[in-house]
Amino acid sequence: MAGMKTASGDYIDSSWELRVFVGEEDPEAESVTLRVTGESHIGGVLLKIVEQINRKQDWSDHAIWWEQKRQWLLQTHWTLDKYGILADARLFFGPQHRPVILRLPNRRALRLRASFSQPLFQAVAAICRLLSIRHPEELSLLRAPEKKEKKKKEKEPEEELYDLSKVVLAGGVAPALFRGMPAHFSDSAQTEACYHMLSRPQPPPDPLLLQRLPRPSSLSDKTQLHSRWLDSSRCLMQQGIKAGDALWLRFKYYSFFDLDPKTDPVRLTQLYEQARWDLLLEEIDCTEEEMMVFAALQYHINKLSQSGEVGEPAGTDPGLDDLDVALSNLEVKLEGSAPTDVLDSLTTIPELKDHLRIFRIPRRPRKLTLKGYRQHWVVFKETTLSYYKSQDEAPGDPIQQLNLKGCEVVPDVNVSGQKFCIKLLVPSPEGMSEIYLRCQDEQQYARWMAGCRLASKGRTMADSSYTSEVQAILAFLSLQRTGSGGPGNHPHGPDASAEGLNPYGLVAPRFQRKFKAKQLTPRILEAHQNVAQLSLAEAQLRFIQAWQSLPDFGISYVMVRFKGSRKDEILGIANNRLIRIDLAVGDVVKTWRFSNMRQWNVNWDIRQVAIEFDEHINVAFSCVSASCRIVHEYIGGYIFLSTRERARGEELDEDLFLQLTGGHEAF
């Protein structure tokens, strides 16, 4: 037994004194001194600490933090010897959950208690459960950017700080609903206001404030954001986060699973807000026409949110809508089950044949050319695109045959100018071949664009998603078409008028510099006619879908240096591929699909990522702007997200995620 003494007062056993500070990491905190042995288990040490403090309170959330090893002692049955703790260990007895300031995707600030002892993946899952956000695996936390000291100190406007630090949820139990919201939000007027902030879109920002916010001016600037992601396999305490620190909550992985407006009001709204701010802060590029569509959708969403019309548009019966949807689904199933249709789909391979105008840019042009598009007869079958001089020559050898698997497909569209082009960056031994296809109209463009997108993923037009892809492209084009509403088309929602419309709060600053407000307002109102009948949830979904249609959507940028190269380049990470980008001009140099990846490894000693693809293709690079852990986690995270199944619901294989994203980096 620890602490046995002789008559003279000397200790005759192997016990020794262990000092433990009470509270968070503060050298001046009160401390207790315990008499322990190497065989003392952590649970017994915790009990002795509480007995010596002799203060009645709930200690259930407290645990011991070992400062030198940056480790929580959570295995209460382990002994001090098993942990390797000696008398010189600096130990702190403090709470595992501590307050942090969370900056949400909608830019609002929220105080809550987060776990400082669990891996970040679990801590984010608990935060999302508190905020009523499904599929927490899509989100993560970033460090807040360091504030630059200004020569002239400006008085920052006071912002409202919502507080959920006193809300505690029972573990493992899904929050019950009360009055249309999770029950823990209905406890007080403050928590109810917090839920409304989470689930309802925020008004447009002040245009002057928007112009002052930092924006990326180059690809290298865009890499800075992704250097701040926290490690999902380590706890907040291990990563130097302290109580009261500010963190950002963002959607990290651009692979959104089972997005349902009925069950996901908070998730849908926060995703819309992240997309909106991506556009306003120019973190993703879009054309002038596309910006007008996004501005019109924001204007419509803001009007509906302010008027309280959050449900279906007036004049509709939800019951009838549900019945119509059910009948429509039944009709589709009955039509799709016809034996002749099934037979045709099995015996015929879908293909596209049409006249298209083609312009091919050589990899290294010897001289400048003024030659433009030339009309060809183009045949698109499976994942192969072939073009001929004329239709009569089609049975023979083509001028060129391209396998689009693994290529980059970029839209180049101007609806008002009737320009419908598809830019293809096709991998070749010399690099990426650049080819443009020019279509005659929207219908032709939608069919060929959908086929190219599927082929780039290794799928054919026989895939069940081809028709929905065509429809999604046509829907996005229809939003950009002006004047389609007509004078007699009166929206069911709030009246569309210039009253209360400040266009500078709806468009990115580069468009503010290019156009005057009186030029933007009629264009936004004209685009609004195409979306005026959408409900709030439909408008948010349409905004997100349009955001997903942009060429640069879902690409996270990291500055790297490839093995054997003397210059820095950009590595783009998307949900299905890696993209090598020239830092100087922004051109895509090479693309590698995750589906062709055999394995990847990280050498933590030399900070290098090595990836092996099919056909004995090996790629290695070191990271410049961020830790190689971030690239490793992105790759593993996207592979994990691709394993999700609808049948499993929200059940997560946490061990698999940590296996795919965790590293063996020495802390």
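Numbering starts at 1 and runs along the chain as displayed.
The backbone N, Cα and C atoms fix where each Cβ goes, and this holds for glycine too.
Marked as phosphoserine by Swiss-Prot on the basis of a large-scale study or a structure entry: SER8.
Look at Swiss-Prot and you will find TYR11 (among others) tagged as phosphotyrosine, backed by a large-scale study or a structure entry.
Annotation source Swiss-Prot lists domain 'FERM' at 229-558. The average per-residue pLDDT of the prediction over the domain 'FERM' (229-558) is 82, rounded to a whole number.
Summarising the annotation, Swiss-Prot assigns domain 'PH' to 354-457 and lists sequence analysis as the type of evidence.
Sequence-distant neighbours of TYR504 (phosphotyrosine) (same chain, 6+ apart, CB under 8 A from its CB) are PRO207, LEU210, GLN512, ALA517, LEU520. Annotation source Swiss-Prot lists phosphotyrosine at TYR504 (among others), citing a large-scale study or a structure entry.
Counting every protein chain shown, 21 other Cβ atoms lie within 10 Å of the Cβ of THR591 (phosphothreonine). Per Swiss-Prot, phosphothreonine is recorded for THR591, and the stated evidence type is a large-scale study or a structure entry.
For the domain 'PH' (354-457), residue counts in helix, strand and coil come to 18 helix, 51 strand, 35 coil, using DSSP. The secondary structure of THR591 (phosphothreonine), as reduced to three states from DSSP, is extended strand.
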